[in-house]
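Taking it in order: structure first as structure tokens, then the write-up.
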Amino acid sequence: MKLLKKTLMLVLALLMVGGSLAACGSNEEETTTAAETTTQAAVPATINVFIAASLKNAMTQLQTMYNEEHPEITIVYNPDSSGKLQTQIQEGAECDIFFSAAAKQMNELNAGGFIKTDSIVNLLENKIVLIKGKGTETTVTGFENVTNAASIALGGEGVPVGDYARTVFANLGMTDKVNAMEINLGSDVTAVLTAVSEGSNEVGVVYATDAQSMPDSVEVIAEAPAGSMDPAVYPAALVENALADETQADAAAAFLAFLQTDAAKAVFEQYGFSIGE
């Protein structure tokens, strides 16, 4: 009887020790798995994002927001006119995301096989406005009588804001009259904005978001008349980057997804953009 009692006690003790070891093993496995997951999620990567010049302010704030949650991701922006960015991509510049100020450049790159078609999203819309320097005098009251100005600043050929302006003037039947003006062709929308804010030109055509960014330097005279142009759509997409490894490609896809979140959209709206449909 005593022997049986001792045997049962030994069996119970062994079972308790085995259970403890199993629990420890499970906890160690869970801890290891969690650590591995954290390590995988924090793999450093650098992504190259080509953005239209008019997006620079909003995207700078979004970069800060994103890096608060993902400090391991280095985001390198290349802000310029969408036409120049298109050419750079076609010539082999390393790019992971293209964020254009017009559909034309995105469509041409997509047709050429440079874009991951399924990733294209019409993320934003903007307005085209006529501006003058803050506090300056002009008899111009809208696009319809813009030729009253001594000079005008416009985006050059291939610069979306300039192409939009030329479309507006064409639909108003004013192309020849505008072409007869003294025209300062800017390399991007920032150059047009600067020309007007510094007084080099009496008026200019920019995006509403750019005018909003310099309220102490420029004033909006008028928006482009309704029906004079198609919406200024801003598409974004992943670029076919042969130089990117899987980590870089995944990081680019994650950042593009972030740009479509409600938090990111709120920032874009703060800078005057409308959310695309």
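Cβ atoms are placed via backbone N, Cα and C, with glycine included.
Residues or ranges marked as molybdate binding site by TrEMBL: SER54, SER82, VAL189, TYR207. Taken from TrEMBL, the feature signal peptide covers 1-22.
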For SER54 (molybdate binding site), which DSSP three-state class applies? helix
Around the molybdate site formed by SER54, SER82, VAL189, TYR207, which additional residues qualify by having Cβ within 8 Å of the site's Cβ center? ALA52, ALA53, LEU55, SER81, ALA101, ASN126, GLY155, VAL159, PRO160, VAL161, ASP188, VAL206, THR209, ASP210
Helix, strand or coil at TYR207 (molybdate binding site), per DSSP? strand
Write out the long-range same-chain contacts of SER54 (molybdate binding site), meaning residues 6 or more apart in sequence whose Cβ is under 8 Å from its Cβ. ALA101, ASN126, VAL161, VAL189, THR190, TYR207, THR209, ASP210
